[in-house]
Protein chains: 2
Amino acid sequence: MTDASATVTPSQGFHEDGSPERLAIDTIRTLSMDAVQKANSGHPGTPMALAPIAYTLWRDYLRYDPETPDWPNRDRFVLSVGHASMLLYSVLHLAGVVEIGADGQKTGKPAVSLDDIRQFRQLDSKTPGHPEYRMTTGVETTTGPLGQGCGNSVGMAIAERALAAKYNRPGFNLFDHDVYVLSGDGDMMEGVSGEAASVAGHLKLSNLCWVYDSNHITIEGGTDLAFDEDVGKRFEAYGWQVIHVDDANDTAAFAKALDAFKACTDRPTFIQVHSVIGWGSPKAGSEKAHGEALGEDAVRATKKAYGWPEDAQFLVPDGVKEAFTAAVADRGKPAREEWEALFERYRQEFPAEAQQIDDLRHGKIADGWQEAVPSFPADAKGLASRDSGGKVLNALAPKIPALMGGAADLSPSTKTDIKGLPSFEPNNYAGQNMHFGVREHAMGSIANGMALSYLRSYTATFLVFADYMRAPIRLAAIMELPVVFVFTHDSIGVGEDGPTHQPIEHLATLRAIPGLDTIRPGDANEVAQAWKVALTHTHEPSVLVFSRQAIATLDREKYASAEELEKGAYVLGGAEEPEVILIGTGSELPMVVAAHEKLTAEGVKSRVVSMPSWYLFEKQDQAYRESVFPPAVTARVAVEQGGSMGWDRYVTSGGATITMSTFGASAPIAKLQEKYGFTVDNVVKVAREVMEKAK
Amino acid sequence: MTDASATVTPSQGFHEDGSPERLAIDTIRTLSMDAVQKANSGHPGTPMALAPIAYTLWRDYLRYDPETPDWPNRDRFVLSVGHASMLLYSVLHLAGVVEIGADGQKTGKPAVSLDDIRQFRQLDSKTPGHPEYRMTTGVETTTGPLGQGCGNSVGMAIAERALAAKYNRPGFNLFDHDVYVLSGDGDMMEGVSGEAASVAGHLKLSNLCWVYDSNHITIEGGTDLAFDEDVGKRFEAYGWQVIHVDDANDTAAFAKALDAFKACTDRPTFIQVHSVIGWGSPKAGSEKAHGEALGEDAVRATKKAYGWPEDAQFLVPDGVKEAFTAAVADRGKPAREEWEALFERYRQEFPAEAQQIDDLRHGKIADGWQEAVPSFPADAKGLASRDSGGKVLNALAPKIPALMGGAADLSPSTKTDIKGLPSFEPNNYAGQNMHFGVREHAMGSIANGMALSYLRSYTATFLVFADYMRAPIRLAAIMELPVVFVFTHDSIGVGEDGPTHQPIEHLATLRAIPGLDTIRPGDANEVAQAWKVALTHTHEPSVLVFSRQAIATLDREKYASAEELEKGAYVLGGAEEPEVILIGTGSELPMVVAAHEKLTAEGVKSRVVSMPSWYLFEKQDQAYRESVFPPAVTARVAVEQGGSMGWDRYVTSGGATITMSTFGASAPIAKLQEKYGFTVDNVVKVAREVMEKAK
């Protein structure tokens, strides 16, 4: 268990009180210092400052069974200050948290061993620079980009309230856990945390507690350089209970604050803790303690100040781990066991609900939902894909109890309300329609948190505002969370609202994110299949891109089935050995089909390909891909009311794109389509040009 | 002047007091209603609610000469609620603002005529759906994406303080204008406005006044659905003076609030005005008055309620425009004339400073700065491009008085401080280094505002956090503002911080924005040229992408001059008629050069191309482009430690990319480069593969 034979005699340190508590706290501190020093990379100062906070929270409050870290009703601990990852790894080690494998089974290993800590920030280690969900058991969410953990925590707290409202019964408090966050000055400066805090205050999430580490230091220097607002007062304005703790080392005062959180039932709680970064080190209170190894001399000096053996590295004094693990487990294990017993009784009484909970835990949607996927008859007039999207969502929602989401104050436009169901509001946590307000960034971050707590979350806004929420979309992809991000008003089809509201580059920027399935369906039946694919994904987030304007519903007797969408791109119809391939997505598909029909009528051997998802297409084997785009046919035209970025891959240098090379303009859609060349005649013209070139 | 022969007899209306004030206010309201109705698209409710506010502000406070709307010391009016564009167009019309052409000369036309208003939201009109900078004189910034106008206004207020500190002299108050903003619930919910407000409070920008239209209505319904925080208290927490006006129609109360703003010298002012959306219409107080035409019946009913001729459209009653124009001009014109006279005296006494101000006004950098662009000797060890970037910035700063910027709390890492100069802080507005705090989104938005007020602004953070500030980057491109966005830590070269901090898709997502020059220089001399190009741009924002890790400085005796960077891509060296073309950017350039040298030594006719800017390359003529990439040579390899999106255009289907197809990992850089194939040996191997394929 220990690295040094020395038994620590806690006596010499200038701030040493000889208590087992201090021994444990300084163990967290020195493990963090040693790991950063060995990696010669990382952030020692915040773990050193917040060790007493993490110790107190985990030892005396967190309801968590180290042997069952996937217990659904565990309290959540979110390290929004992800750069302080060694704080979390140290605690996971000392708490004796066991590892759960990708298959959901215990591996028999610790979540974080001392050897893992020695491998801090090394390739393929379980202790990467920032905590990564799925990589290390006990990491509840991937953090690092500031403010995101705060947003996630609001989603987790919402999920707890929603699950409690849905599944708890008299005598069966299945869901009653809390969500704790450690956050810092950076989190508080980021707008996303303010947005999320406003949502949490509005929703009166009394199961949510943010600890704010106010250390007066940022990377550029003191917070007085850029950050001297009254953060506590701001949180009061959001409707939170606000508590101040003057000294992070005062564990009794912090415990009292946590008691106040536990006692408060009508608001979230914000605990502002004043700390000294790099506490006890020669660099204490300085930005120099933030983002780099302290240096060997400073490490030794700090250990001396702690009354720690200066030469010992990765030292866990005898008894420290055992005592910490026991303290956490003594509270968490019986609670978890009671819960399991309760759940078994619940299963007897409410078998359907229990089955739903089992499904939630395993990220599974009960069979049969696929049959609810609607189909739409051919219709030349058609309907906007936002409208068909709304219909599909409403058809599926009753079959998928975990489905929950909403819009950033645009649901009448995005059509993402589940009709007839109430809103999720402080007076009704059984409501299912979320109102995120005009807060796209928090919406994405909250949706990720909901997904981390078993819900199939979705969000909605206009495509152009994807720019406001890219960080959480990217994190959903990194975490492999199957969140569905709906974006409507997806092109210059927005019309009169003009360039600020017309996406151009956005499809490319979403397609560029690894592990994200961006789907732009081309008619109502593709919309239905797009939702189906998105909900079938278990490890990928999806972006569903819908139009504002009507799209004809194709006659699927005449053209291939929309179920082919699952392959990403497919031949809708046309010649077996085409002279030219026309490719369309989304609202441009009818235009491309019309051009194809015109060319066919003119005797040209034309093929029309629908290409709703590059992501899915790239997953197909080469034979399939070449069956859609035969290499010999270089005369290809792609039509999309967005930028051209990336299309060269599919049209090749022999082909052409009809795309946008500038921002759009404010005008009725027909005028814009004419101006920018999105007409059947122009598609035909360009098709003939590339055919000429291919000769 | 009027559309109807009727002279309005203001007597019948239920809220009609018969005053000239009410006549003017209702003119603004009815013009807005009529324009939206004619376009059958737009947002009537907010102009109707805020007409008294805009009227009072413009008529009695704004220091603005309608005949010289480009007067540098004019007060700025920012319509952050950009959807309420008709409010602004109505006011610009009634105030008689004249048009300034793209050449800076008066065109002899009004900025907004009644005919322009009739063309609301039509193609190529001066009255697009949202106000667009450069399209309509008097529009100080493009707004629409919520919160952006708020952020811009902070940049404008900063610019005023900075220019005053730099150029005002005793007796010469050249710069002493104010910045006013109309904002709404949506603005207040967006995190970017909170970030910007915190900056403004910290900086004690007493020249900044935000009017917040609190109308209790959002698109989904009442603000009680998602937004019931105490906004005023929040602004007090940011350090603002907060004033409440109970009724937007109470122009006296609003005037009193503006007086309090004018009297306050140590803080920005926040005026919360309670209004009724769609005031006076049958849809008043409802979300139905927000985002669509009222309908002909409702328009008539509203006019009737106003005591307005129900059949008159686009009616400006006799005398209304004349009185409004006169009121604005009577204050603004003498002030502007005095200023011009003052400036002439200033020019006598401070000719150098006056010349600088002239240059600022014309977006010009005084000749001679190009000579300060440094050059770097060949150096195999090299230096990180963030370091050479810092050196170049520091070499140029003394020559470019308008250059001003900073980082989002990362300047020690981004190396973007101008050494030896003080910080821009509330006690020293003459400081030049900005501290934006961990607020990337506001940073971008503030930088745009600074650029709108004559400064050559720059920002800095890590490339991965470009995700937090995409909206302002895009708006800089839409507005054609030459802001320089510096992003360092540009790839998996970030190393141990891991996937949350390693950009993958970001280069593609920036290259995809129209009108944005994204430059990723490949050695210190390209860094120097990149800064030169960025500062030469007058109508394009630039993104400068720099590495965390060292890059060898190429021997430019042996390879082509870095000045070729201005063409976007250029042949560094190698065979005249190559068998294979190797393409590199940024930190991968030395690797590509080494592979080229190895292939050359092995007898392969290899060419090496440096490609720092796709944007600049696409501006070259076809002959040049084909001289760099001869169509006959299809064996091409591009090497970039980012995603592959877009590279197919340059490597063609005959080529290959060595790029990232997944997120990165936490490990030392050398381990990552080995894992992902970024080694000289792998470049050589892939080069030989594509050569084989090309045979």
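Glycine residues also receive a Cβ, built from the backbone N, Cα and C atoms like all the rest.
Just so you know, TrEMBL annotations are computer predictions that nobody has curated.
As the structure is a computational prediction, the values presented were derived from the model and not from experiment.
Quick look at what TrEMBL annotates:
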type: ACT_SITE; residues: B:GLU440; note: active site, proton donor
type: BINDING; residues: B:HIS43, B:HIS290, B:ARG386, B:SER413, B:HIS489, B:ASP497, B:HIS501, B:ARG548; note: substrate binding site
type: BINDING; residues: B:HIS83, B:GLY144, B:PRO145, B:LEU146, B:GLY186, B:ASN215, B:HIS290, B:PHE465; note: thiamine diphosphate binding site
type: BINDING; residues: B:ASP185, B:ASN215, B:ILE217; note: Mg(2+) binding site
type: COMPBIAS; residues: B:1-12; note: compositional bias 'Polar residues'
type: DOMAIN; residues: B:383-553; note: domain 'Transketolase-like pyrimidine-binding'
type: SITE; residues: B:HIS43; note: site 'Important for catalytic activity'
type: SITE; residues: B:HIS290; note: site 'Important for catalytic activity'
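This view paints the features noted in TrEMBL onto the structure.
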residue: B:LEU146; record: thiamine diphosphate binding site; DSSP class: coil
residue: B:ASP185; record: Mg(2+) binding site; DSSP class: helix
residue: B:ASN215; record: thiamine diphosphate binding site; DSSP class: coil
residue: B:ARG386; record: substrate binding site; DSSP class: helix
residue: B:GLU440; record: active site, proton donor; DSSP class: helix
residue: B:PHE465; record: thiamine diphosphate binding site; DSSP class: helix
residue: B:ASP497; record: substrate binding site; DSSP class: helix
Write out, in the order they occur in the sequence, the residues of the chain not among B:ASP185, B:ASN215, B:ILE217 that have a C-beta within 8 Å of the mean position of the C-beta atoms of the recorded Mg(2+) site.
B:GLY184, B:ASP213, B:SER214, B:HIS216, B:THR218, B:THR223, B:SER275, B:ILE277
Taking the Cβ of each of the binding-site residues and counting other Cβ atoms inside 10 Å, which one has the highest number: B:ASN215, B:SER413?
B:ASN215
May I ask you to report the DSSP-based helix, strand or coil state of B:SER413 (substrate binding site)?
helix
Grab the thiamine diphosphate binding residues from the record (B:HIS83, B:GLY144, B:PRO145, B:LEU146, B:GLY186, B:ASN215, B:HIS290, B:PHE465) and give me their largest CA-CA distance in Å.
34
Filtered B:LEU146, B:ASP185, B:GLY186, B:SER413, B:ARG548 - binding-site residues with C-beta under 8 A from chain A:
B:LEU146, B:ASP185, B:GLY186, B:SER413
Where B:ARG548 (substrate binding site) and B:PHE465 (thiamine diphosphate binding site) are concerned, what is their Cα separation in Å, rounded?
14
Relative to the Cα of B:HIS83 (thiamine diphosphate binding site), which of the binding-site residues B:HIS43, B:ARG386, B:SER413, B:HIS489 has the closest Cα?
B:HIS43
Whole-number Å distance between the CA of B:GLY186 (thiamine diphosphate binding site) and the CA of B:HIS501 (substrate binding site)?
30
Check the recorded positions B:GLU440, B:ASP497 for other C-beta atoms within 10 angstroms of each C-beta and report the one with the most.
B:GLU440
Spatial neighbours of B:HIS501 (substrate binding site) among the recorded positions B:GLY144, B:LEU146, B:ASP185, B:ILE217, B:GLU440, B:PHE465 [C-alpha, 10 Å]:
B:PHE465
Compared by Cα position, which of the binding-site residues B:LEU146, B:ASN215, B:PHE465 is the closest one to B:HIS290 (substrate binding site)?
B:ASN215
Sort out the sequence-distant neighbours of B:GLY144 (thiamine diphosphate binding site) for me: same chain, 6+ apart, CB within less than 8 Å of its CB, listed by position.
B:GLY82, B:HIS83, B:GLY129, B:HIS130, B:PRO131
Tell me the Cα distance separating B:ASP185 (Mg(2+) binding site) from B:ASN215 (thiamine diphosphate binding site), rounded to the nearest angstrom.
7
Three-class DSSP secondary structure - B:HIS43 (substrate binding site):
coil
Hey, of the binding-site residues listed (B:LEU146, B:ILE217), which one tops the CB count within 10 A?
B:LEU146
B:ASP185 (Mg(2+) binding site) and B:LEU146 (thiamine diphosphate binding site), Cα-Cα, nearest whole angstrom:
9
Taking just the CA atoms, what is the gap between B:HIS43 (substrate binding site) and B:ILE217 (Mg(2+) binding site) in Å?
13
Would you pick out, from the binding-site residues B:PRO145, B:GLY186, the residue whose Cβ has the largest number of other Cβ atoms within 10 Å?
B:PRO145
For the domain 'Transketolase-like pyrimidine-binding' (B:383-553), the mean pLDDT of the predicted model:
97
